[in-house]
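Participant: Below is a structure I'd like to ask you about.
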């Protein structure tokens, strides 16, 4: 899958260094219930669980900056052409798919997550035509993720207060925002 600035490639073993770079970053994983991967082996185990060959129902992708995309601006943010900047996909596509994504902080604030989610959702309906809805959840304080979902066409369907464990912040009552999107 490609967008004007990004290339999405099914997660494979060759993506382990980039995957670990993202999942070992405390800022990138702050809002994740999975939490930080402290070692390369932890990242390898986590990644193997979302690879298509081991989880055929899931569709999970490594997100890369396309080489020809704004090389000067990217270098200012510490990004190199072809860098893996994120991971996104669905983990349980039947009967309702749930979207998840994590991006390295060096890619934040540039619209990459929104662009990746948009292209993924557009292609997802073609790859899984039987799925009638994709849902996503995020902490209400994770304003960046709320905006990504809104700008990607997801509709807010509710907010709940629930006990949540975020390894970076502990366990406690948090406001969770639920979103959904349906095929066009």
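Glycine is no exception: its Cβ is also placed from the backbone N, Cα and C atoms.
Annotations in TrEMBL come from automatic prediction, not curation.
Note that the structure is a prediction, hence the values are computed from the model and not measured.
As listed in TrEMBL for this protein:
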| type | residues | note |
| --- | --- | --- |
| DOMAIN | 33-178 | domain 'N-acetyltransferase' |
Participant: Could you tell me the mean pLDDT over the domain 'N-acetyltransferase' (33-178), as a whole number?
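Facilitator: PLDDT averaged over the stretch: 88.
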Participant: Could you tell me how many residues in the domain 'N-acetyltransferase' (33-178) are helical, how many are strand and how many are coil under DSSP?
Facilitator: 43 helix, 48 strand, 55 coil
